[in-house]
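Engineer: Submitted below is the structure of interest, expressed as structure tokens.
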Amino acid sequence: MNAEPPEEKAASEAEAGAMPEKRAGSRAAGGNSLQGFGRPSVYHAAIVIFLEFFAWGLLTTSMLTVLHETFPQHTFLMNGLIQGVKGLLSFLSAPLIGALSDVWGRKPFLLGTVFFTCFPIPLMRISPWWYFAMISISGVFSVTFSVIFAYVADVTQEHERSTAYGWVSATFAASLVSSPAIGAYLSASYGDSLVVLVATVVALLDICFILLAVPESLPEKMRPLSWGARISWKQADPFASLKKVGKDSTILLICITVFLSYLPEAGQYSSFFLYLRQVIGFGSIKIAAFIAMVGILSIVAQTVFLTSLMRSLGNKNTVLLGLGFQMFQLAWYGFGSQAWMMWAAGIVAAVSSITFPAVSTLVSQNADSNQQGVAQGIITGIRGLCNGLGPALYGFIFYMFHVELTELEPELISNNAALQGAVIPGPPFLFGACIVFMSFLVAVFIPEYSKGGIQKHSNSISGSLANTPERGSDEDIEPLLQDSSIWELSSLEEPGHQCTEL
């Protein structure tokens, strides 16, 4: 195989570090795959995330009711199992979908993940059993964040990504500011059927936006030269992806940090609203107001504060600060027995939301420009594993401590009385604080920035493959992504058509 001409190499180097405006020009010949409104930008990704989670936020109150009506016994436990199955399926599929988006582009997988994630929404009123079954199965495609973060990496320079990831995460929080309150109001005034209808319409709007307005962000030259490809299932195996993590100490530390920090967060997210309503005595309005408060503060934390912290403290110290706040708020929830304590801990929880965008920036810095989907897919896969284990773990701990959803009325005098006498009112949250403490200890050993871990090749795919015979040399090879190919071209190499490995 011949090395690519200097002109093409220079062009590809410019492509790897260009701003979205410059990228758009080089992709002008992309054809129909670039259909969309304007140039690819962070705003497209933010709108997709906002609409998807706004639709689900509308169902917050209704879902609590349907969950209790469908599983009147062991509600916490069943909630944990449902979310657990969904999370495990997400773990299995995230590396594959992230890697496929590196091959075929981001837009088709944005469309697929949003469609299948929102597919269960109308089933809530049609058949609750099918609704919860489809929620579990939809975990196969519930990896929108993986593709979104890869999309953002495509359209931003490296030094811009922490801010961009912060905006995307803040958009997620913004989608939950008003949607639960709107859903609670519509449910109380017009019934759950209207809430489900509105959520379905919002989900359809999101799908139409992706289909008609979102342009493709991945350059054509970063994709395979032939469609005659077959899947190498060994490389598509999520456990194989996790094995690659161990080849790079920096990525290994990051992944362990993500696992230990997100495991309690996933459990908390799956059960906290039930906990507020059952144990603390929050009504639907208070729950919606609580979500709005935390959402607004999270937006401020992930935009204004995150940017300032990244500049003043650095990436690693920002992650450590976020983990410290997360540990504090979980311990507060664990020992808290009064409503005001929940509100105060919610403020701390909002500040701790800076952790994930800061970690995503660390991952992006240690991944090659044409492997952002794979790298973010691995992190999303780990989060998916936590989404499976966390809810099940919290549900089991609630079950062991005999905390059950026996009533949905806000006035829970007997439960509150029992809560007052409990030494640890929220055992799962205190357990989560201990896990986050271990995550903090691991994160201490993460280097601020490691260029030696995964080489930052600015040349294009074809150019890097031209040097494939030299991989046996003593030079450093990117340890995480060197075996991340999931595609093997079935066509023989011909003059002018070299085998492409991603």
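Cβ from N, Cα, C; glycine included.
These came from Swiss-Prot, pasted as-is:
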- 1-27: region 'Disordered' (REGION)
- 1-46: topological domain 'Extracellular' (TOPO_DOM)
- 1-12: compositional bias 'Basic and acidic residues' (COMPBIAS)
- 47-67: transmembrane segment (TRANSMEM)
- 68-79: topological domain 'Cytoplasmic' (TOPO_DOM)
- 80-100: transmembrane segment (TRANSMEM)
- 101-108: topological domain 'Extracellular' (TOPO_DOM)
- 109-129: transmembrane segment (TRANSMEM)
- 132-152: transmembrane segment (TRANSMEM)
- 153-165: topological domain 'Extracellular' (TOPO_DOM)
- 166-186: transmembrane segment (TRANSMEM)
- 187-193: topological domain 'Cytoplasmic' (TOPO_DOM)
- 194-214: transmembrane segment (TRANSMEM)
- 215-248: topological domain 'Extracellular' (TOPO_DOM)
- 249-269: transmembrane segment (TRANSMEM)
- 270-278: topological domain 'Cytoplasmic' (TOPO_DOM)
- 279-299: transmembrane segment (TRANSMEM)
- 300-316: topological domain 'Extracellular' (TOPO_DOM)
- 317-337: transmembrane segment (TRANSMEM)
- 339-359: transmembrane segment (TRANSMEM)
- 360-384: topological domain 'Extracellular' (TOPO_DOM)
- 385-405: transmembrane segment (TRANSMEM)
- 406-425: topological domain 'Cytoplasmic' (TOPO_DOM)
- 426-446: transmembrane segment (TRANSMEM)
- 447-502: topological domain 'Extracellular' (TOPO_DOM)
Engineer: Would you mind listing the long-range same-chain contacts of the transmembrane segment (339-359), meaning Cβ under 8 Å and 6+ residues beyond its ends?
Structural biologist: 162, 165-166, 168-169, 173, 254, 257-258, 261-262, 276, 280-282, 286, 290, 293-298, 300-302, 305-306, 309-310, 315, 318-319, 321-323, 325-326, 328-329, 332-333, 379
Engineer: Would you say the transmembrane segment (80-100) and the transmembrane segment (426-446) are touching, if the rule is that at least three C-beta pairs must lie under 8 angstroms and be 6 or more residues apart?
Structural biologist: no
Engineer: Considering pairs 6 or more residues apart, do the transmembrane segment (194-214) and the transmembrane segment (132-152) have at least three CB pairs under 8 Å?
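Structural biologist: No, since the transmembrane segment (194-214) and the transmembrane segment (132-152) share fewer than 3 Cβ pairs closer than 8 Å, they do not count as touching.
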Engineer: Mind checking how the topological domain 'Cytoplasmic' (68-79) divides into helix, strand and coil residues in DSSP?
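Structural biologist: So the counts come to 8 helix, 0 strand, 4 coil.
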Engineer: At a Cβ cut-off of 8 Å, and with pairs 6 or more apart in sequence only, do we get at least 3 pairs between the transmembrane segment (109-129) and the transmembrane segment (385-405), yes or no?
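Structural biologist: Judged by the Cβ rule, the two regions do not touch, with the required three close pairs absent.
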Engineer: Do at least three C-beta pairs under 8 angstroms join the transmembrane segment (317-337) to the transmembrane segment (249-269), pairs 6 or more apart in sequence?
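Structural biologist: Contact confirmed: at least 3 Cβ pairs fall under 8 Å.
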Engineer: Could you check if the transmembrane segment (385-405) is in contact with the transmembrane segment (166-186), meaning 3+ Cβ pairs under 8 Å among residue pairs at least 6 apart in sequence?
Structural biologist: no
Engineer: Do you know the DSSP helix, strand and coil residue counts for the topological domain 'Extracellular' (153-165)?
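Structural biologist: Final tally across the stretch: 11 helix, 0 strand, 2 coil.
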Engineer: On the DSSP side of things, how many residues of the topological domain 'Cytoplasmic' (270-278) fall into helix, strand and coil, could you say?
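Structural biologist: Helix, strand and coil residues of the topological domain 'Cytoplasmic' (270-278) number 9 helix, 0 strand, 0 coil.
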Engineer: Same chain only, please: residues at least 6 beyond the ends of the topological domain 'Cytoplasmic' (187-193) with a C-beta under 8 Å from a C-beta of the stretch. Say none if there are none.
Structural biologist: 61-62, 65-66, 124-125, 284
